[in-house]
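A short worksheet on the structure shown next.
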Amino acid sequence: ISPVPPYSREQPIFTTRAHVFQIDPSTKKNWVPASKQAVTVSYFYDSTRNSYRIISVDGAKVIINSTITPNMTFTKTSQKFGQWADSRANTVFGLGFPSEQQLTKFAEKFQEVKEAAKLARDRSQEKIETSSNHSQESGRETPSSTRASSVNGTDDEKASHGGPAEAHLKSENDKLKIALAQSSTNVKKWETELQTLRESNARLTTALQESAASIEHWKKQFSACKEENDQLRGKIEELEEQCNEINKEKERNAQLSRRLQELETELQDKELELEELRKQGEIIPQLMSECESASQQLQAAEKKNKDLEEKVRTLRTEVEESKHRQTNLKTELKNFLDVLDGKIDELQDFRQGLSKLGVDN
C-alpha cells in the first residue's frame, strides 16, 4: 500500500538509502530494526497543502510516514546514525547510513525542509490573521452605516445621504461573498484532504494490522524454527558423540591391527627359530659324539689339572720356605750390618785417636 495516493500532488524532492530503526515502545531505549536491509528514504513535498513528509516503504510495508514540523529536530548520534522524534506517530525514527557524507546530506535536507515548513506555517498564520482582521473591519463598518441611515429621518435624506454608504456596503458585501465562497472552496478542499488523510490512515492502519499479523506469523515461524534448531542441535550433539565413539573404535582397531602385525612378525621370528632348532636337531647325534670326546678330554685335562695343582702346592711350599729363609738371611744381614757399622765407628774413633796422637807428637 503506497503512502502517496496516485492522485496526490506530492513529489519526491530528495531520495537516499538507509537502514531504518524505531525506538522500542516498551523500553524507549533500545532500537528495533524496521527493515531487514537498506531501503529507500525520500522527502516528499505536497504543493496543495504546502507540507513535507519523510516516507519509506519496504516492499508492501510502510515503515516511515512522518510529516515534518518546525518543532522537529534531526540529531546526529554517531558518524553514520541520526534520529528524530515524531510526536504524531508517537515514536522515534533512526536511520543508519553507509557513510558520513550521506548522513550529512540528509541532515542538511532535514534542516532545509524544517525551515520551509516553518515559513509555510508563518504565511498561513498571516493569511488567517489578515482574513480575521478584514472580517472584523467589515463588521464594524456595517453598524456605522446603519446608524447613519437611521439618523436621517426622511426618505429624501436617505436618498440624498445614503447613496455612498450603500455603495460601500454593497462592495463590502461582495467582498464578504467572495471570501465566503473562497472559504467554502477551502472547506471543501480541506474536507477532501481530510478524507484523503482518513483513507491514507485507514490504509496505514490496515498495513499496520497486516504487519502485526505478519509479525505474529513470523514470530510463530521463528519459534518453530528455534525448536527445530534446538532439535537439530541435539541430533548434532548425538551424532558428534557417535562420531567420537566411531573415532575411538577406529583408534582401537588401528591399535589391534598394529598388535596383530607385531604378533605376525613375532610368529615369523618364532618359525625361523623353530626351523633353526630343527636344523640343529639334525646335528645333535654328531654333537653328542663330540660331547663325549670332549668329556673324555675334559676328564684327562682335569687329571692333568690336579697334577699341576699338586705341583703348584709343592712349589708354593718351597716358595714359602724360600721366603722364610730370605727373611732370616735379611735379619742376619741387618745384624751383620749393624755390627759392621759399630766396628766402622770404632775404627773411626781409633783413627781419630791416632790422628790426635800424631799431632801431639
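Backbone N, Cα and C define each Cβ position, glycine as well.
Look at TrEMBL and you will find 173-325 tagged as coiled coil.
If you look up TrEMBL, you'll see 117-129 marked as compositional bias 'Basic and acidic residues'.
Here TrEMBL flags 130-153 as compositional bias 'Polar residues'.
Mean pLDDT for the domain 'WH1' (5-117) in the predicted structure: 88. Taken from TrEMBL, the feature domain 'WH1' applies to 5-117.
Summarising the annotation, TrEMBL assigns region 'Disordered' to 117-172.
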Mind tallying the domain 'WH1' (5-117) by DSSP state, helix then strand then coil?
-> 18 helix, 53 strand, 42 coil
